[in-house]
Structure formats: C-alpha cells, structure tokens
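**Student:** I have a structure I would like to understand better, so I am pasting it below and will then ask my questions one at a time.
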Amino acid sequence: MASPATSSAVLVVVLVATLAAGTANAATFTITNRCSFTVWPAATPVGGGTQLNPGQTWTINVPAGTSSGRVWGRTGCSFDGAGRGRCATGDCGGALSCRLSGQPPLTLAEFTLGTSGGNRDFYNLSVIDGYNVAMSFSCSSGVTLTCRERSCPDAYQYPSDDSKLRSCNGNSNYRVVFCP
C-alpha cells in the first residue's frame, strides 16, 4: 500500500494535469478599444459583453471546439444597473451581456476553433450585416485582417465570399482591436 505522502503527491500530479488539459485548448481573446469613444464589445457563444472606455482591454477565454463564435462592437449604448438597456448599433436584445447575436449594422469578427482534429482554427471579418465600427482581428499564428470602412477588402461582403476566410494553427490566441 502506498504511503499517504505518495498518495498525496500522485493526487496533486493528477489534479495539475487535469487543470492543464482543461485550459491548454482554450484560446485567449484580447479585445482592446483604441477608439476615442466608448465601445461595448459583445461575444457569443462565450463572453457576453462589457463596456470598454477608450484604452481599456477585455480578455475572454474561449474553449477549443467552439464554432460560429462572434465578437462585435456596440455603440451608443446605455444600460441600467441590472444590465438592461439599448445600443444604437449592434444591440442584442437590450442586454449588456449578449446571448443573442447583434442587430445590424455591425462589423463582425467570426471564428471557429479547433477543427480538423484541433489542428486548425478559422477566422474572418464580415460586413455582410453592415458596418458600425473600425476593427482589426488577428490570431497569433496568422495574418491581421483590418476593416476601417464599409467596403473594406479584408471582410466578407456577401455570404459566398470564401476568399476572405483565414486559418491559423489550432490553440492560437486572438486579438480584436476597435479603431486600429
């Protein structure tokens, strides 16, 4: 029979390995507001939403295997203490923490993480639902996409515009910048 010290050491190793495995495949999204005005970024299916004053950053962890993820900026928002309110652009049912996609117009950063056996992530910018705020979107192992106007060349303009889809290594981290 193992000694209590040996059993405790094995338990610690198993716990550390379990925790590391649970976070090793999460992608960190760092979202920064470089605009001269407040932006209320939203993220689905993970993240919800928050208020970002100029110069502030919001970080969210998104699990590998997340598909059809979205990040967008909302503008002209006003919320009460319970997180209920309204945004002039990108509103998601009057909630600060979004569970629904935003209403047009909105510039979208879209992503799917860990496809093809976890080896590839896919991401793009889209103005199919309109344009409301300048945005850049990049992964740590891919190119930066930037959209500063409605007709930006880095963004999907219509649904079958597949030349705009980018890929990067699985387990990459991401950066979204408003007003890059």
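Any Cβ shown, glycine's included, is placed from N, Cα and C.
Quick paste of what TrEMBL says about this protein:
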type     : residues      : note
SIGNAL   : 1-26          : signal peptide
DISULFID : Cys77-Cys87   : disulfide bond
DISULFID : Cys92-Cys98   : disulfide bond
DISULFID : Cys152-Cys168 : disulfide bond
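Provide an account of the burial state, proximal residues and distances for the features listed.
**Tutor:** Same-chain residues at least 6 positions away in sequence with a Cβ under 8 Å from that of Cys77 (disulfide bond) are, in sequence order, Thr38, Trp40, Gln51, Gly85, Arg86, Cys87, Ala88, Asp91, Leu96.
The Cβ of Cys152 (disulfide bond) lies under 8 Å from the Cβ of Leu125, Val127, Tyr131, Thr146, each of these being in the same chain and 6 or more residues away along the sequence.
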**Student:** Can you tell me how far the Cα of Cys98 (disulfide bond) sits from the Cα of Cys168 (disulfide bond), in Å?
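**Tutor:** A Cα-Cα distance of 27 Å.
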**Student:** Enumerate same-chain residues with a sequence separation of six or more from Cys92 (disulfide bond) and a Cβ-Cβ distance below 8 A; give 'none' if the list is empty.
**Tutor:** Ala42, Thr44, Gly49, Arg74, Cys98, Arg99, Leu100, Ser101, Gly102, Gln103
